Amino acid sequence: MDKIVIKGGNKLTGEVKVEGAKNAVLPILTASLLASDKPSKLVNVPALSDVETINNVLTTLNADVTYKKDENAVVVDATKTLNEEAPYEYVSKMRASILVMGPLLARLGHAIVALPGGCAIGSRPIEQHIKGFEALGAEIHLENGNIYANAKDGLKGTSIHLDFPSVGATQNIIMAASLAKGKTLIENAAKEPEIVDLANYINEMGGRITGAGTDTITINGVESLHGVEHAIIPDRIEAGTLLIAGAITRGDIFVRGAIKEHMASLVYKLEEMGVELDYQEDGIRVRAEGDLQPVDIKTLPHPGFPTDMQSQMMALLLTANGHKVVTETVFENRFMHVAEFKRMNANINVEGRSAKLEGKSQLQGAQVKATDLRAAAALILAGLVADGKTSVTELNHLDRGYVDLHGKLKQLGAEIERIND
């Protein structure tokens, strides 16, 4: 089993580059199934295990997928007749596999998709996806662990109001509606930058989508879509993690590819704490020194504070003075990393959906295990400043969302190694 071992205490300095966004590339790869004319080539694709998983799903659906890791590119040719079924073998590994349902319904009028797997954070229900497909005219039923969808009369544009701004449901409905007859309105839509990237990609393919990044998205269905070349946006969560790495070590680093507008809620909190940020055209420079000020954070759908940055921000807050409260409103069960932080001598108490952090914790190196993708990064961040050695296991979580994080931190001056036991 792999582990990452960190000896804390080094300030990070230098420059580091952000990869393409995991949460953008997965839906965009599935959207490539919509192109019945010409293959699509995606560039700035991160070399992640989740990308390999979704590529395997696309292959089972009869798409030809060529993964050019050395170029950070994937070519998807979905011009042949697609298979209707995404089997449990692959879908069970990752929740994003549910995103093939929208494109399959759009292209074939029917689909069978196994109920998904992925991170064990909360229930992450798929009711909003199903509600959207039914509104577009599909009949849905669940049987033997599979979702069966059939639109025998084709998908027809409609108005859909989401109960909450679900990112996955917004993406799935956009993809299904892009080839539906007529106009579809999605109200209370998710507004994440990854939604905008998906809409831009489909528009480049010949789609007619407006309003992405706002509460209301309009999709005018078209007859067909064609393959194009598209560059994936930088990963705002990786960028945020690296900014915090600079701040937590009281270092000075330049994060190339970090985009302020994609992470405004995070950078404003960092500035509130006394972290110095210099916004440049091609990235953000982060500098910090001395004591940081206490702030409270509350996770919310975009443009609020991202739940995917909650555990990393908690690591930074452990190094700040005063009383801090972290409130999680997006997912239940997203404080599983607290028990691991406590093994490192963190002073945290969880009360319901809030975690209370008292004073500056004198973090100590310990053996800890990652409980999910972002917790893995947060424990590594804590290890950068802990006294002594920290060993982080369960790195399969980390590999789902970060490319060579330990290598990037080492390049910036961290004393860190990945060891295969």
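Including glycine, each Cβ sits where the backbone N, Cα and C put it.
Listed in Swiss-Prot for this protein:
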- Cys119: active site, proton donor (ACT_SITE)
- Lys22, Asn23: phosphoenolpyruvate binding site (BINDING)
- Arg95, Arg124, Pro125, Ile126, Glu127, Gln128, Asp308, Val330: UDP-N-acetyl-alpha-D-glucosamine binding site (BINDING)
- Cys119: 2-(S-cysteinyl)pyruvic acid O-phosphothioketal (MOD_RES)
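Here the features listed in Swiss-Prot are placed on the structure.
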residue	record	Cβ within 10 Å
Lys22	phosphoenolpyruvate binding site	24
Asn23	phosphoenolpyruvate binding site	26
Arg95	UDP-N-acetyl-alpha-D-glucosamine binding site	19
Pro125	UDP-N-acetyl-alpha-D-glucosamine binding site	12
Ile126	UDP-N-acetyl-alpha-D-glucosamine binding site	20
Glu127	UDP-N-acetyl-alpha-D-glucosamine binding site	11
Gln128	UDP-N-acetyl-alpha-D-glucosamine binding site	22
Asp308	UDP-N-acetyl-alpha-D-glucosamine binding site	24
Val330	UDP-N-acetyl-alpha-D-glucosamine binding site	20
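If you measure from the Cα atom of Gln128 (UDP-N-acetyl-alpha-D-glucosamine binding site) to that of Asn23 (phosphoenolpyruvate binding site), you get 18 Å.
If you take the Cα of Ile126 (UDP-N-acetyl-alpha-D-glucosamine binding site) and the Cα of Asn23 (phosphoenolpyruvate binding site), they are about 17 angstrom apart, rounded to a whole number. For the pair Pro125 (UDP-N-acetyl-alpha-D-glucosamine binding site) and Lys22 (phosphoenolpyruvate binding site), the Cα-Cα distance reads 20 Å.
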